[in-house]
Amino acid sequence: MLRLPTVLRQMRPVSRALAPHLTRAYAKDVKFGADARALMLQGVDLLADAVAVTMGPKGRTVIIEQSWGSPKVTKDGVTVAKAIDLKDKYKNIGAKLVQDVANNTNEEAGDGTTTATVLARSIAKEGFEKISKGANPVEIRRGVMLAVDAVIAELKKQSKPVTTPEEIAQVATISANGDKDIGNIISDAMKKVGRKGVITVKDGKTLNDELEIIEGMKFDRGYISPYFINTSKGQKCEFQDAYVLLSEKKISSVQSIVPALEIANAHRKPLVIIAEDVDGEALSTLVLNRLKVGLQVVAVKAPGFGDNRKNQLKDMAIATGGAVFGEEGLNLNLEDVQAHDLGKVGEVIVTKDDAMLLKGKGEKAQIEKRIQEITEQLEITTSEYEKEKLNERLAKLSDGVAVLKVGGTSDVEVNEKKDRVTDALNATRAAVEEGIVLGGGCALLRCIPALDSLKPSNEDQKIGIEIIKRALKIPAMTIAKNAGVEGSLIVEKILQSSSEIGYDAMLGDFVNMVEKGIIDPTKVVRTALLDAAGVASLLTTAEAVVTEIPKEEKDPGMGAMGGMGGGMGGGMF
């Protein structure tokens, strides 16, 4: 007879004792029909309620607990949506689907996440109600999408292009929750770097917001030796109308740089050397000549590493009209340098931390071609790090970079304002791209008559169109509700008024929205509706929901430990 080893015989009762506490990792729970939809809708409601309170000029803030640091105070819809994670799996699925709506709208338009969330809730809620009364969910979805297409076509008709800096400031002000200072600073930034220029948002170091414009090519590498300083003001090296020598390789030999120095001297121009490194005999000779005969030269290490360094050097060559020595595929030796191989810049400023090449003399056509190449790479890449580096390179080649430095008295205040500045910046870019429509939810209200002419194929599609008709009133109603007035009355008054009249929630009065500058970017309104309708109408077609049953993790030794604790307690006294 086969006998089990003693160890295994002893283990069998233990395994039986553990058995009740173990559940399979792949066990699932399934709910069907109305039960599943009701639970998902509770999740949708919870998330939408939390996000909706932030809507409009009199919307409130939401305080979010964070795993580290102080709580986050925000009025940004997508930030609130992302923070919500519900314990109940079915409710959480509903919440996560609406979270996706907010995320998609934010990624595509950069703003309008609160509008998208309240629209999604309205469409899902009405859809569930009609399905419970026997309507066909697939046909309802078709009706919804038919209505959405008609609304988008109407929005395009209403849309007007953004033409003046004042309109840009108005769009930014509305998106920044009525903060005119933010609106003006964004308008100034766009004026200075162009509508397609690069604008970045950073933490400031003062109480006030500041705008810094960085023109030309700036990189974070300073002079190799402080002996290159040629001005007493600010410990920097400054040259006008200089030549630029670019090298991918390290320069150690003095013979390799003599030809370039001779060319610069013959043309009576300063020389800027940008290489992987300049050391040894080459560096000591440059410093000695700088000190003894006043040689106009400065040596700087090339920025970045690996391929990024090669790309940045190539960008500099194109911007200055020079060539990169040591570049793969080019048989260029430093000893054979000609005047046309050197880049040319109108001004150079080098400090101990960074260098700036201004007014490069590169060919416009070549620079445009390089910008196009980088733009194409940006569209392909999925890496956030790569995107950041490509955007930096793009900024240096284009009209420069505008840096918005957000000020405040504390980190909490700066972070809250940064959210609003980022939203305002995204809204402004969207407005420049596709134009503007009436703000305050009025644009969607003005689209309702366009749905009357639609001809649905059946009654269920007609229900889908009616769902969108009612949903289009929700953004304006939510803004009014947050301002402390009855939303349905406000909506009815707007619908009875002339086309440009709307409700100014800040003043609590009916005004001409265009004259008051209460406008929204067309792209933001369009994207919010499209994303909300797409996800919410899909949600209504769900008939079954599958979730994972969480694993029970109980420590079988805990009971014994509890006994020990009691015994030990008795022994202590």
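Heads up, the Cβ atoms here are built off N, Cα and C, so glycines get one too.
Here Swiss-Prot has K75, D111, G112, T113, T114, T115, D520 binding ATP, and the candidate from G197, G204, G440 in that same listed site is G440. Annotated pair K87 (N6-acetyllysine) and T114 (ATP binding site), C-alpha to C-alpha distance, rounded: 23 Å. Look at K218 (N6-succinyllysine): DSSP puts it in a strand.
The two recorded residues, K202 (N6-succinyllysine) and S410 (phosphoserine), show a Cα separation of 14 Å. With all protein chains in the displayed structure included, the most crowded Cβ environment within 10 Å among the binding-site residues G112, G440 is that of G112. Looking only at the recorded positions T115, K133, K396, K551, the one with its C-alpha closest to K205 (N6-succinyllysine) is K396.
Sequence-distant contacts of D520 (ATP binding site), defined as residues of its own chain at least six apart whose C-beta falls under 8 angstroms from its C-beta, comprise G112, V171, I174, A427, I436, V437, L438, G439, G440, A443. For S410 (phosphoserine), the nearest of the binding-site residues by C-alpha distance turns out to be K75; the candidates were K75, D111, T114, T115. Shown are the recorded positions T115, S410; of these, the residue with the fewest other Cβ atoms within 10 Å is S410.
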